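Comments concern the structure below.
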Amino acid sequence: MATSSGSCLIISLLVVVVAAALSASTASAQLSSTFYDTSCPSAMSTISSGVNSAVAQQARVGASLLRLHFHDCFIQGCDASILLNDTSGEQTQPPNLTLNPRAFDVVNSIKAQVEAACPGVVSCADILAVAARDGVVALGGPSWTVLLGRRDSTGSFPSQTSDLPPPTSSLQALLAAYSKKNLDATDMVALSGAHTIGQAQCSSFNGHIYNDTNINAAFATSLKANCPMSGGSSLAPLDTMTPTVFGNDYYKNLLSQKGLLHSDQELFNNGSTDSTVSNFASSSAAFTSAFTAAMVKMGNLGPLTGTSGQIRLTCWKLNSS
C-alpha cells in the first residue's frame, strides 16, 4: 500500500509540474514582436526616444533599466510588479532597495507619453522590457527582438524577492537560482555580463574586498579608499575598464581577479563556468550571441497574457476598479 500511495503521489506531482510548464510555454507563445504594430505603431519609437534622452543625461540609467527588468522578471515573471509603489511590496525588500530611482522615473515618463498616444493599450511590463533593450543599445551594446503582449500584474510579490541571487552568492547558489527560472549555466554567465555597465554600492562589495582572497590586491586597495569595512552607499563601477560602454571587458576583469562583487568573481574561480568566462573574454561575438539569446529567454519568464492581469494606466499603481 505504501508503494502504491507513493507512486500516486509522484504521478500527481509530475502532472502538476508538466501542467505548469505547459501553461508557461503557452503564455510565452502568445507573445509577438508585432503585437503593437496596429494598435500603437508609435510605441517603440516613443520608448526608444525616452530611453536615449535619459541615457544622454545619465549614462547609468541604461544599466539601471536593464537591472530593473531583471529584478522584475526574477520575481513572479516579467509583469511589472516591481513598478508598483506598494508600501509593503517588492520595492521595500532588501534586494530592491538599491535600484536606481531614476529608472522608475524614466519608465513612468515613457508610459505617460505612450498613454497620450494610445490610451490603455501598451503594458508597463512591455515598456520595461523594451526600455531595457534600448538602454543596452544606447550604451553601444547589441539589440535583440523583444516579444510583446505582456500584461501587468494586479499585485506585488515581496515574499518572492528571495529568488533574486544576492551579491554574496556562491557559484552553486547562482546556478541554482537561474536553474529555477529554466536558465542554464551559459545563460547565467551571459546575463551576469550585464555588469559590464552600471555601478554597485559599497554595501554590496565590502565583504569581497575586505574578506575574500580571490581578488587582485591592488584592485581591492583602490576600492577600500571609498568603501569602509562597515559598508555604505558610495558607488563603484562594476566594470573598471569601460563602465559606460557595453562590451566583454567585464569578463576580462574576471580573468584578472577584478570582479567587483563576490558573485562576479565566483564565475571565474576554478569552477565549472571558468571556460565560459574565458570564451566570452576572448570573443565579443560569443558573448553578444549568448547575451541576446539569454535576454529573450529571461524576458519570456512567466508573462501574463490574454485576459490575465491588466494594462495599467499608470505604472506605479493599479487601475481603479
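In case you wondered, yes, glycine gets a Cβ from its N, Cα and C as well.
Listed in Swiss-Prot for this protein:
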type     : residues                          : note
ACT_SITE : HIS71                             : active site, proton acceptor
BINDING  : ASP72, ILE75, GLY77, ASP79, SER81 : Ca(2+) 1 binding site
BINDING  : PRO165                            : substrate binding site
BINDING  : HIS195                            : heme b binding site
BINDING  : THR196, ASP239, THR242, GLY247    : Ca(2+) 2 binding site
DISULFID : CYS40-CYS118                      : disulfide bond
DISULFID : CYS73-CYS78                       : disulfide bond
DISULFID : CYS124-CYS315                     : disulfide bond
DISULFID : CYS202-CYS227                     : disulfide bond
CARBOHYD : ASN85                             : N-linked glycosylation site
CARBOHYD : ASN96                             : N-linked glycosylation site
CARBOHYD : ASN211                            : N-linked glycosylation site
CARBOHYD : ASN270                            : N-linked glycosylation site
MOD_RES  : GLN30                             : pyrrolidone carboxylic acid
SITE     : ARG67                             : site 'Transition state stabilizer'
For the Ca(2+) 2 site built from THR196, ASP239, THR242, GLY247, further residues of that chain with CB within 8 A of the site's CB center: ILE197, MET241, PRO243, VAL245, PHE246, ASN248, ASP249, TYR250
Of the binding-site residues listed as ASP72, ILE75, PRO165, the one whose CA lies nearest the CA of ASP239 (Ca(2+) 2 binding site): PRO165
Cα-Cα distance linking CYS202 (disulfide bond) and ILE75 (Ca(2+) 1 binding site), given in Å to the nearest integer: 24
Within 10 angstroms of CYS73 (disulfide bond), Cα basis - recorded positions out of ASP79, SER81, ASN96, CYS124, HIS195, CYS315: ASP79, SER81
Spatial neighbours, same chain, of ASP79 (Ca(2+) 1 binding site) - Cβ under 8 Å, 6+ residues apart: ASP72, ALA125, ARG150, ARG151, ASP152, SER153, GLY302, PRO303, LEU304, GLY309
Nearest-integer angstrom distance between the alpha carbons (Cα) of CYS78 (disulfide bond) and HIS71 (active site, proton acceptor): 9
ASN96 (N-linked glycosylation site) to GLY247 (Ca(2+) 2 binding site) - Cα separation in whole Å: 25
Number of other Cβ atoms within 10 Å of the Cβ of ASP72 (Ca(2+) 1 binding site) across all protein chains: 27
Nearest recorded site to GLY247 (Ca(2+) 2 binding site) by CA-CA distance, among recorded positions GLN30, ARG67, GLY77: ARG67
Which of GLN30, SER81, ASN96, THR196, all recorded positions, has a Cβ with the fewest other Cβ atoms inside 10 Å: GLN30
